[in-house]
Amino acid sequence: MKLLEIQSSPRGESSDSISLTKSFIEACKSDDTSIVVDTLNVWHERLPEFDYEAIGAKYKAVKHETMTEAESNVWERIQSLIQRFQNADRIVLGTPMWNFGLPYKLKQLIDLVAQRNYLFAYDGKQYGPLLNVEKAIVVYTRGSRFLEGTPIPPSRFDHQTNYLDFWLQLVGVRDLRSVIVDNAWNQDRQESEVSLAKGKATLERLVEWFLN
Ligand SMILES: Cc1cc2nc3c(=O)[nH]c(=O)nc-3n(C[C@H](O)[C@H](O)[C@H](O)COP(=O)(O)O)c2cc1C
């Protein structure tokens with residue numbers, strides 16, 4: 001089984017989202033030794049800018065037009081990122097909430113790989129998925145606790161889960177589970193530890209589902 005692990009935090013060893021996805025993957029590996037993990041950390045990957053050349057390449061690829069050398073170069077990098085998604089049987093993605101949404105480097109990865117005729121099809125009327133990923137887990141960590149009926153209800157403040165869950169399903173993740181870990185950066189460190197331990201336990205319960 002090929003597992004694509006996407007890390008979205010720049011905090012390395014201190015990262016809550018990375019330590020949660022790592023421990024989940026370790027638990028999976030101890031149950032299934034055939035797992036091969038490809039780790040893509042959006043901060044270490046030196047992602048190309050999604051700039052003039054990248055957009056030129058995107059449009060020319062759809063229209064099958066000849067690219068300039070600069071466009072071809074960035075398109076090659078984009079293709080190698082796309083391949084990592086195409087190779088995956090499973091995805092495990094961890095991300096912190098940044099300003100109620102996603103860290104910009106994760107959005108940069110999405111903008112790079114979300115290419116028509118590679119990750120999704122579009123016939124002018126509807127979208128169809130082109131990836132073949134049976135299952136994925138997304139771990140969302142946040143500093144605060146978002147609860148309906150409080151001054152920070154998720155219905156107004158959460159712009160993290162909706163978009164990423166939607167996007168993963170759009171491109172072809174068939175069965176997606178999201179694990180939300182609120183309170184990860186609380187003034188009361190003990191409360192954070194309790195939240196993180198709960199998240200870890202939830203993930204452990206998902207190992208069997210994920211592998212079968
Ligand atoms: C730039 C930045 C923006 C953040 N924005 C939010 C936010 O809008 N809401 C929230 O609850 N926590 C926010 N946080 C806190 C993180 O989401 C939280 O600490 C998370 O657990 C960090 O995950 P990590 O340890 O994997 O980096 C922010 C943290 C940073 C560094």
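Backbone N, Cα and C define each Cβ position, glycine as well.
Those TrEMBL annotations? Automatic predictions, nothing curated.
So that you can see what the record holds, here are the features copied from TrEMBL:
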BINDING   Ser9, Ser15, Asp16, Ser17, Met97, Trp98, Asn99, Phe100  FMN binding site
DOMAIN    1-194  domain 'Flavodoxin-like fold'
Listed in sequence order, residues with CB under 8 A of Trp98 (FMN binding site) and six or more positions away: Tyr104
Cβ neighbours within the same chain of Met97 (FMN binding site) - under 8 Å, at least six residues apart: Tyr140, Thr141, Arg142, Gly143, Asp158, Gln160
Mapped DSSP class for Ser15 (FMN binding site), helix or strand or coil: coil
Assigned element (helix, strand, coil) containing Trp98 (FMN binding site), judged by DSSP: strand
Cβ atoms near Ser17 (FMN binding site) (within 10 Å, other residues, all chains): 25
Greatest C-beta neighbour count within 10 angstroms, which of the binding-site residues Ser9, Ser15, Asn99: Ser9
